[in-house]
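Undergrad: Mind looking over this structure? Questions follow.
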Amino acid sequence: MYGIEYTTILIFLISIILLNYILKSVTRIMDYIIYRFLLITVALFALTRAQNYGLNLPITGSMDTVYTNSTQEEVFLTSTLCLYYPTEASTQINDGDWKDSLSQMFLTKGWPTGSVYFKEYSSIVDFSVDPQLYCDYNLVLMKYDQSLELDMSELADLILNEWLCNPMDITLYYYQQSGESNKWISMGSSCTVKVCPLNTQTLGIGCQTTNVDSFEMVAENEKLAIVDVVDGINHKINLTTTTCTIRNCKKLGPRENVAVIQVGGSNVLDITADPTTNPQTERMMRVNWKKWWQVFYTIVDYINQIVQVMSKRSRSLNSAAFYYRV
């Protein structure tokens, strides 16, 4: 009987010793794996960081300056330039290699091949619905058209400024504008915006809140509309929600990495949204040529002077980001 008990105790002790040995072995193996993994991770991180030195160098002075990466032999420029032009330009030029030709010309001004991107848009109206300004510097060419003068002004006001925007639920709430920097911006394939100003008893001023036909129309069948109403007064808003969206926006200030080149027209458009703001013409320029080749030649010739009145910014613009924070 005692022999069986001693045997059981002995087996139990041996099991504990064996388990302790196994645990120590596993611990040593895990420590080795973890330390090796950390060593490899640190080494890769150091190499990766070294390859990126110089990518975020600030630009000081002329765009002719190029920077060399300290761990790579390639010469590169830290900035990109996007040139937005209407379909009319490529149609008139009618040359399959015209972009390559212009790239070679930009090269003589200090812009390496691959740093200049050409973006085509069908019309000012369509471009205003989905502006995409992703480069460090963005030049938008707009052919002057008297019938589209207001559309051009609104588009320029949109892309030359930064906006902080929030969605509006016009089915549940009334809205008012707090100041001249506060605007309602609607976008879509067809935007018709009507408003009914309200008094302190929420009764319509010159309109009936239950009758949309009595509302005041401030935009009709537009793709982009920047709506300005009397500040400090609640408004009930009616909108074609199936084809349009509307956002409550505040103008924060100039978007300094964008410039607009107006092609033609007697004067540069004044994009000022209200009479108390000084006209913004520094980044709104005009060239007056009939042929698009001449327009592009002029831009290449003066590209570095144009960039000097701009500032490189990291914030991009598209129709989705614009709604919330640009």
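A Cβ is built for glycine as well, from the same backbone N, Cα and C atoms used for every other residue.
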Undergrad: For the Ca(2+) 2 site that Swiss-Prot lists with D228, V229, D231, D301, give the additional residue from the candidates Q132, Q146, Q177, Q262.
TA: Q177
Undergrad: Which one, C135, C165, C191, is listed by Swiss-Prot as the other cysteine in the disulfide with C244?
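TA: That would be C191, the partner Swiss-Prot lists for C244.
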Undergrad: From the candidates C165, C196, C207, select the one that Swiss-Prot records as forming a disulfide bond with C249.
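TA: The record-listed partner cysteine is C165.
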Undergrad: Among the recorded positions C165, C196, C207, V229, whose Cα is within 10 A of the Cα of E216 (Ca(2+) 1 binding site)?
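TA: The recorded positions passing the 10 Å Cα test are C196, C207.
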Undergrad: So which of the disulfide-bonded residues is most packed in, judged by how many other Cβ atoms lie within 10 Å of its Cβ, out of C165, C249?
TA: C249
Undergrad: Tell me which of the recorded positions D95, C207, S214, N238, C249 ends up closest to Q177 (Ca(2+) 2 binding site) in space, Cα to Cα.
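TA: With Cα distances computed to Q177 (Ca(2+) 2 binding site), the winner among D95, C207, S214, N238, C249 is C249.
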Undergrad: Out of C196, C207, D231, N238, C244, D301, give those recorded positions positioned within 10 angstroms of S214 (Ca(2+) 1 binding site), comparing C-alpha atoms, in sequence order.
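TA: C196, C207, listed in sequence order.
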Undergrad: Let me know how many other Cβ atoms fall within 10 Å of the Cβ of Q177 (Ca(2+) 2 binding site).
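TA: Within a 10 Å radius of the Cβ of Q177 (Ca(2+) 2 binding site) lie 20 other Cβ atoms.
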Undergrad: Does anything in the same chain, at least 6 positions from C191 (disulfide bond), have a Cβ under 8 Å from its Cβ, and if so what?
TA: A219, N221, E222, K223, L224, A225, L239, T240, T243, C244, I246
Undergrad: Mind checking which of C82, C244 has the fewest other CB atoms within 10 A of its CB? They're the disulfide-bonded residues.
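TA: It is C82 that, of the disulfide-bonded residues C82, C244, has the fewest other Cβ atoms within 10 Å.
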